[in-house]
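Going by Swiss-Prot, these are the annotated features:
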TOPO_DOM  1-72  topological domain 'Extracellular'
CARBOHYD  ASN14  N-linked glycosylation site
CARBOHYD  ASN41  N-linked glycosylation site
CARBOHYD  ASN51  N-linked glycosylation site
TRANSMEM  73-97  transmembrane segment
TOPO_DOM  98-107  topological domain 'Cytoplasmic'
TRANSMEM  108-129  transmembrane segment
TOPO_DOM  130-141  topological domain 'Extracellular'
TRANSMEM  142-167  transmembrane segment
DISULFID  CYS144-CYS220  disulfide bond
BINDING   ASP151  serotonin binding site
TOPO_DOM  168-187  topological domain 'Cytoplasmic'
TRANSMEM  188-208  transmembrane segment
TOPO_DOM  209-226  topological domain 'Extracellular'
TRANSMEM  227-249  transmembrane segment
TOPO_DOM  250-322  topological domain 'Cytoplasmic'
TRANSMEM  323-348  transmembrane segment
TOPO_DOM  349-359  topological domain 'Extracellular'
TRANSMEM  360-383  transmembrane segment
TOPO_DOM  384-425  topological domain 'Cytoplasmic'
LIPID     CYS397  S-palmitoyl cysteine
Amino acid sequence: MLIQVQPSHLTDTNLSLHSAKPSSDHQNLLPSEFMTERPLNTTEQDLTALNHTEKPDCGKELLLYGDTEKIVIGVVLSIITLFTIAGNALVIISVCIVKKLRQPSNYLVVSLAAADLSVAVAVMPFVIITDLVGGEWLFGKVFCNVFIAMDVMCCTASIMTLCVISVDRYLGITRPLTYPARQNGKLMAKMVFIVWLLSASITLPPLFGWAKNVNVERVCLISQDFGYTVYSTAVAFYIPMTVMLVMYQRIFVAAKISAEKHKFVNIPRLYEQEGIYCLEDKLPPKKNSKKKKAVEEFASLSKLIRQDRKNISIFKREQKAARTLGIIVGAFTFCWLPFFLLSTARPFICGIMCSCMPLRLERTLLWLGYTNSLINPLIYAFFNRDLRTTFWNLLRCKYTNINRRLSAASMHEALKVTERHEGIL
């Protein structure tokens, strides 16, 4: 999200301090008196430059790669970018063309894919070029501000969307009958709009005077102002991460409690057959009372099984969605936490004008964060059968009748579930 690039025009300051051979007038001076005298040829400017060289050179380090390293790094980063574009584009296309996937809760999935796709298209290519030329910003001061704005807004939108998804899944599991947003497309669209509005609130301050970006020759770095750093990292990462962890902790507890209520036992399929309702006609009237009572109990149990089987299906589907999003949140934390820890500490260690952190470390953690935009669609495709099937059909250019094929596959899966010996204790 945050990019720091280094200037190449800085050179070490070489200072030569000359002292003349002491004359006879100086020979009688005490050693302490002689040492306090200023060297004869040393100027005020030399002393000022000497004091500056005692401080760490900020922004001097470059990424120096050999030809082979540049090729390998360029290929790897380009593959990450291309796969990120392809994966997130497939998610958006799949939700748009498949009726089964056009659910209000999937608006958030599309928003997440759009944010990740924007990172891959508008941010990653410029970071690749900057890294391959050693860390120098080659695109000018004006575009530096545009680039930082796109970087911050898209990455923040991705993170905040994950946060809203966690809240959506939690409410969907704990309040499946009363949570209206899952059936209300307009309300979900408003939530997506709020996510992008909050992302813009972090992007705009440096463009309007508060906490200006570090934008000098061949250097493009987001503002290192202390207040802005605390505000931006808290809103963009720490608060959303805390909300996600709390939501999934509650989801885990709720799923565990629900699992205890939905223990499965094998119930003989005899009681689900229609023949059970005809037994009383085959028995004598006087000997039918106990049998009739048993038949009524079995009939009620059979009806209860059929009624609750639908609830079981919903319960399993929500559990799977929670597990999928739990993995996504875990991947998000792994990818972004190291970078944001470094970004938060950087201005307090290096000051507000530049970065003194090891450049290779910064770039590695930055690309680890960008990789999260690649991981998200892969996780969805792996855990969502409908999305995975749609991906496969799109990659094989089988666009026609895709909704019909998905409906047939879903019906086949439903029949397989119906044939299982399931019940509720």
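Backbone N, Cα and C atoms are what each Cβ position is placed from, and that goes for glycine too.
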Q.
Validating a neighbour-count step here. Other CB atoms within 10 A of the CB of CYS144 (disulfide bond): how many?
A. 22
Q. Of all the recorded positions given, namely CYS144, ASP151, CYS220, which is spatially nearest to the residue listed as 'S-palmitoyl cysteine' at the Cα level?
A. ASP151
(Q) Going by DSSP assignments with H, G and I as helix and E and B as strand, what are the residue counts for the topological domain 'Extracellular' (209-226)? (A) 1 helix, 6 strand, 11 coil
Q | Cβ-based isolation winner (fewest other Cβ atoms within 10 Å) among the recorded positions ASP151, CYS220, CYS397 | A | CYS397
**Q.** Reduced DSSP assignment, the residue listed as 'S-palmitoyl cysteine'
**A.** coil
Q: Sorry to bug you, but what's the C-alpha spacing from CYS220 (disulfide bond) to the residue listed as 'serotonin binding site', rounded to the closest Å?
A: 12
(Q) Suppose I define contact as three or more CB-CB distances under 8 A, residues 6 or more apart in sequence; do the transmembrane segment (360-383) and the transmembrane segment (188-208) meet it? (A) no
(Q) From the DSSP assignment alone, can you count helix, strand and coil residues within the topological domain 'Cytoplasmic' (98-107)? (A) 5 helix, 0 strand, 5 coil
